[in-house]
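Comments concern the structure below.
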């Protein structure tokens with residue numbers, strides 16, 4: 001009894017300290033029983049009645065609390081039970097029991113060594129209803145034996161120190177509606193300070209704008225997947241889900257919700273945009289402030305309303321400021337030239353806040369009373385166009401002479417159609433003069449002699465009055481117009497005498513009316529006879545017919561001879577040679593085979609381009625943007641919409657303003673060449689525009705641009721089969737050109753275009769190129785130089801361009817493709833390239849290049865052009881490789897490489913090098929001399945230790961020279977083993 005009293009005294013004095021530091025209960029724990037919160041007696045059943053005893057105390061707030069204690073340590077065989085009241089389970093699947101208790105150290109109590117215990121037992125029993133005061137021990141299931149981590153002694157009693165223990169045990173799963181807990185004392189001195197029973201749940205939460213409800217874990221093994229619901233004013237982007245763990249924790253958030261248009265995320269909710277702000281789209285972006293000249297007056301706005309006289313076009317984004325129509329154009333100036341006028345004006349002072357300002361020209365023909373006007377004739381032409389002008393100038397032609405016109409220049413932008421105010425325009429009135437005659441189109445040579453030429457021509461198509469006379473201008477071609485003669489003729493023919501024999505003369509003719517002279521005709525060249533023999537135009541035709549007939553008879557005789565030879569057994573005797581009928585070094589082309597016609601043989605380039613190309617109406621073409629600058633002007637992308645056909649994307653080359661006649665001939669000459677080709681691997685000409693300005697060449701649009709830059713951009717991203725497919729397309733296109741008798745002269749990856757389907761097409765059909773006597777030896781066009789790295793040796797040395805020289809170039813293209821656009825011969829100078837190729841050196845195989853493809857490269861680079869394969873053979877070889885992909889898996893090995901590769905210097909005698917500079921010259925890296933000299937690599941030992949990283953550090957960063965130097969170093973090491981080699 002003294003023992004029990006000591007516990008009572010200790011509890012009553014120390015229970016305050018036990019609860020002095022309150023720890024907040026976690027939000028994921030739900031109490032089913034908490035003895036500290038029960039007011040009044042607990043009313044638990046104690047059996048036997050003299051066992052557990054209920055006592056009272058107070059907490060730190062002096063609130064009464066109830067505890068149980070037992071301390072029957074003097075008697076043997078103690079079996080004291082304490083049972084709680086019936087506890088409803090609610091939704092718990094697993095429960096936790098938290099016990100706070102004190103326990104007396106048996107060693108501190110005298111005379112109880114045989115009867116005192118330091119543990120007690122915890123039991124539970126499930127039931128669907130309350131059993132009242134009935135108590136049966138055998139119905140309870142043991143949970144655990146509870147021992148104290150710390151027990152108190154007699155000394156602690158004296159110091160009034162209470163050592164409180166806390167133990168937690170799990171119970172479950174529980175299935176019935178409720179349960180009892182029971183505590184069995186077997187002889188301990190123990191006091192139950194508090195009992196708490198709880199279960200864990202995942203509490204309500206909001207994550208990624210999705211609400212997840214309170215969730216109780218199902219069991220201890222698996223996670224519970226919970227589907228979330230979006231908060232108000234939001235919608236699912238991805239279905240929101242989270243997993244509830246057995247510890248009551250939310251894990252692995254998946255999916256999310258986003259705020260509706262007009263709402264933004266604030267404080268885990270979607271709240272309406274404030275007035276003056278808007279949000280146009282669903283999503284978790286913030287509300288934005290209304291753009292200039294717009295506002296909102298209510299919450300939750302999805303867009304802002306424009307102010308009065310401001311508008312938003314249908315295609316304008318909500319974030320764009322509201323705009324208004326532009327003001328009228330300013331400072332209109334007219335420059336009249338007979339029956340045409342050039343109108344210039346200044347931009348409006350106010351563009352309305354937009355960049356899409358364009359101008360429309362309204363033309364009115366007026367009587368002598370300016371107020372009486374009518375629309376102009378549809379024959380009036382506007383250059384570049386009448387509507388949608390982006391520049392502040394327009395040329396109007398084909399007006400009537402001596403007529404009053406009024407031109408109204410409208411300024412419009414993207415919101416002009418939405419505006420109710422009147423049109424914003426500036427007007428100018430003009431009166432045309434009498435027009436000069438149009439040019440003479442054609443000059444015909446009627447008769448020539450050694451000192452005279454007779455010419456005739458047609459009257460101009462538009463005389464614009466009575467022709468008074470014609471001015472004939474002529475000069476010797478070699479004089480280049482430095483000295484010329486002019487005479488006048490009243491009719492449409494003239495004989496010019498006192499000319500030099502066997503001399504070419506250039507003629508131009510223009511007509512004159514009361515309004516003045518028209519423009520000169522284009523230049524025509526005619527030659528006088530070398531002697532007194534003269535021949536009329538009609539006689540020359542007779543002679544030509546006779547010559548043609550004679551040639552036809554000869555050819556017919558040859559054909560008959562061949563047929564007789566076949567009949568008499570020629571086939572058996574010459575079977576291998578009968579495929580072609582040979583004439584010298586060439587062969588007879590049979591009827592039906594299409595042959596390339598050089599457009600430069602036409603006197604009039606317009607005639608050639610109209611024969612081979614389709615004339616397009618400029619109104620069917622729309623230009624989107626400028627993508628580059630070409631040889632004669634800008635290169636643009638745009639769209640072509642022909643009547644009854646689908647709109648297509650096109651590339652557009654334009655002839656720049658201020659072009660010369662020669663530039664126009666060359667520009668149209670390229671179209672005349674392209675127009676003759678029709679092949680899936682040749683760039684397709686859609687047509688030309690020559691009847692309005694600017695003059696344009698329109699081709700199909702290739703989305704991926706030039707092949708070399710495309711490959712560099714997608715380095716190592718294609719399979720070998722895909723690369724071979726590209727090469728096969730190029731070879732097929734070149735076979736077509738070769739069969740037509742066309743020599744490209746500039747075949748390189750930069751001149752191959754590739755579309756979105758990886759189809760390669762040959763382009764850049766060539767203007768005349770002149771080989772300079774420059775040691776760098778580059779072929780020159782009017783647009784720049786073409787490096788000789790793609791040019792065959794005979795073309796460099798003898799200006800001999802053939803289909804075989806195109807095959808050499810194809811081998812370089814093959815190397816470019818397999819190296820993903822690497823520059824042939826790297827940083828070698830052109831002079832070094834010429835020297836190396838003449839000495840038999842060839843490019844090495846690119847990394848991981850199939851042996852079959854590298855062998856094809858070497859075949860294309862045969863010095864004797866007759867030994868190179870034909871394009872027909874190249875196509876056949878590539879077809880076989882595509883059908884047999886396994887043959888492409890054999891990679892060119894170092895051992896199998898020929899010894900004449902540019903980067904294989906094993907055949908170079910290292911002992912011949914006296915200095916580092918000599919060595920670098922010998923391995924084609926002379927440009928590295930200063931680098932190595934600067935870092936004092938001057939001996940064999942130091943050279944042999946250089947690594948790739950070392951070269952990068954000293955400035956040799958290009959892969960080609962690195963490989964050459966490393967290859968030479970390996971050879972140097974081999975020779976160094978046999979003795980020192982000064983370098």
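Just so you know, glycine gets a Cβ as well, placed from its N, Cα and C.
Here Swiss-Prot flags 29-207 as domain 'Eph LBD', drawing on sequence analysis.
Residue 232 (N-linked glycosylation site) carries neither a helix nor a strand DSSP state and counts as coil. All chains included, 12 other C-beta atoms sit within 10 angstroms of the C-beta of residue 232 (N-linked glycosylation site). What Swiss-Prot lists as N-linked glycosylation site is 232 (among others), and the listing cites sequence analysis.
Here Swiss-Prot flags 325-435 as domain 'Fibronectin type-III 1', drawing on sequence analysis. Taking DSSP states H, G and I as helix and E and B as strand, the domain 'Fibronectin type-III 1' (325-435) has 3 helix, 52 strand, 56 coil.
What Swiss-Prot records for 337 (among others) is N-linked glycosylation site.
Around residue 391 (N-linked glycosylation site), no same-chain residue at least 6 positions away in sequence has a Cβ under 8 Å from its Cβ. Annotation source Swiss-Prot lists N-linked glycosylation site at 391 (among others).
Annotated N-linked glycosylation site per Swiss-Prot: 404 (among others), in sequence order, evidence recorded as sequence analysis. A sphere of 10 angstroms centred on the C-beta of residue 404 (N-linked glycosylation site) encloses 18 other C-beta atoms.
The annotation domain 'Fibronectin type-III 2' is assigned in Swiss-Prot to 436-531.
The N-linked glycosylation site annotation in Swiss-Prot covers 493 (among others), and the record cites sequence analysis as its basis. According to DSSP, residue 493 (N-linked glycosylation site) is assigned to a strand segment.
The transmembrane segment annotation in Swiss-Prot covers 542-565.
The topological domain 'Cytoplasmic' annotation in Swiss-Prot covers 566-983 and rests on sequence analysis.
Taken from Swiss-Prot, the feature phosphotyrosine covers 596 (among others). Within 10 Å of the Cβ of residue 596 (phosphotyrosine) there are 14 other Cβ atoms, across all protein chains.
According to Swiss-Prot, the phosphotyrosine annotation covers 602 (among others), on the basis of experimental evidence. Neighbour count (other Cβ atoms within 10 Å of the Cβ, all protein chains): 17 for residue 602 (phosphotyrosine).
What Swiss-Prot lists as domain 'Protein kinase' is 621-882.
Residues annotated as ATP binding site in Swiss-Prot: 628-633, 653, 700-706, 750-751. All protein chains included, residue 653 (ATP binding site) registers 22 other Cβ atoms within 10 Å of its own Cβ.
Marked as phosphotyrosine by Swiss-Prot on the basis of experimental evidence: 701 (among others). Contacts of residue 701 (ATP binding site) defined by a Cβ separation under 8 A and a same-chain sequence distance of 6+ are given as 637, 648, 649, 650, 651, in order along the sequence. DSSP assigns residue 701 (ATP binding site) to coil, not to a helix or a strand.
The phosphotyrosine feature in Swiss-Prot is assigned to 779 (among others).
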Secondary structure of residue 653 (ATP binding site) (DSSP, helix/strand/coil): strand
Neighbour count (Cβ, 10 Å) for residue 337 (N-linked glycosylation site): 13
Secondary structure composition of the domain 'Fibronectin type-III 2' (436-531) [DSSP: H/G/I, E/B, coil]: 3 helix, 44 strand, 49 coil
Which listed residue (628, 705) has most other Cβ within 10 Å, given these are binding-site residues: 705
Inter-residue C-alpha distance, residue 596 (phosphotyrosine) and residue 602 (phosphotyrosine) (nearest angstrom): 14
The domain 'SAM' (911-975) [mean pLDDT, rounded to integer]: 59
Nearest of the recorded positions (337, 404, 493, 703, 705) to residue 602 (phosphotyrosine), judged by Cα-Cα distance: 493
Number of other Cβ atoms within 10 Å of the Cβ of residue 750 (ATP binding site) across all protein chains: 20
